[in-house]
């Protein structure tokens, strides 16, 4: 039967709707993950496999390199650690390259450089030739580490940006596992051929990566920087959760790029500055308080990620177990594999939590757990060091448990979130170079730590070295707690508003929430 009084029903329905709490009406339904953006981010993040593969494969290859080329322990230490120093060179110049040729072709360029480096290492006839290949591969690694999180952050919608930009850390671990498989696969070959195959095979993933990346779209933010608004709109329509979000993202990007909001032509003229000029001047010569805050946080989070000693725990874990009293090589290898498993499992868990519970909670929990783990490891190693003539079972067990705990807590936050956070806080005009600086700091600290750890623990004992790392982790926790705003759910163009007040960022964040709530309330009235 037809409704006899539609007007009355309409009033009744409106009155019921008005009685609902505004906060309930303002909460949108959680969108499904955008599969297109997911696929693009996975392809881009796979460039991080290059660093992971090199780390994993070199751990086995050096055993054969030392025998074949008859090099010293110092030369091996330099060979292993210097790739991080070479990578910082690549990371430092990758920002300008990506502003010049685009994010997508920079990924292809990174794969091509690593291919050349792997090829040179595979055909190295002496130590000097090997170091040349190592240098070229390191440049490629630096490019890859910088561009992967930048591309993922610029393609991803705000609802899943943390999930998508945490993939590089996941693929670093995947690369490590591939390196271990390569070591095992070629271990039965002759000494002079085995290590060359291990290193040379690293060229194969880079080929598939370069080909796969060509199927990806260019970053919409880079397209706007080039004045290609029509192309940017097409990409945003595919990578956003809704057409409304696509329009809002395009408006935000145009505003950040200095373009009029009413400019809707497919191709427009943009200022030359959009190609990267004057960026360094804005960051270092005449930075605003906002840029100062962002730069401090973006570089600081990478410094503390590595300065807390995670690479020493992961790469020198056999040495730690040897100091702890585990002499059997098989037992040391088994314990090291457990470290890798623990690291990988917790990274995967964090990937699915970062957009649900926020960056700060995971980061502070991760850093707090590392402090406890490093202190426990330092105490256990110190007790064992002072009891050389007796086997203290509980101290050995403590060392193993704290090593596993340390890498697990690192993977819970400090590992992936350093890449997520630094890739999303820089404004559009500074993003590429800013992220490049963060990666350069990351690789510099990692390289210095790896090339000095053995000398450090010989000077202050291995327990003393981990007490030092625990102290640095405490400083990191204070730094994160006081200076890092929560960025969960914010658009990339929103970030500049969050920063600039340094230790008083909470009042700015509360003001943004209040304005957003008032805006939602006004729309409902």
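Every residue, even glycine, has its Cβ placed from backbone N, Cα and C.
Looking at 293-313, 503-523, the range tied to transmembrane segment in TrEMBL is 293-313. Checking the ranges 193-216, 217-240 against TrEMBL, the transmembrane segment annotation falls on 193-216. Below 8 A, the CB atoms of the transmembrane segment (395-422) and the transmembrane segment (163-181) form 3+ pairs separated by six or more positions in the chain.
Here the transmembrane segment (361-383) has long-range neighbours at 304, 308-310, 313, 320, 323-324, 350, 353-354, 392, 395-396, 398-399, 401-403, 405-406, 408-415, 417, 421, 461-467, 469-470, 473-474, 476-477, 480-481, 484, meaning same-chain residues at least 6 beyond its ends whose C-beta is under 8 angstroms from one of its own.
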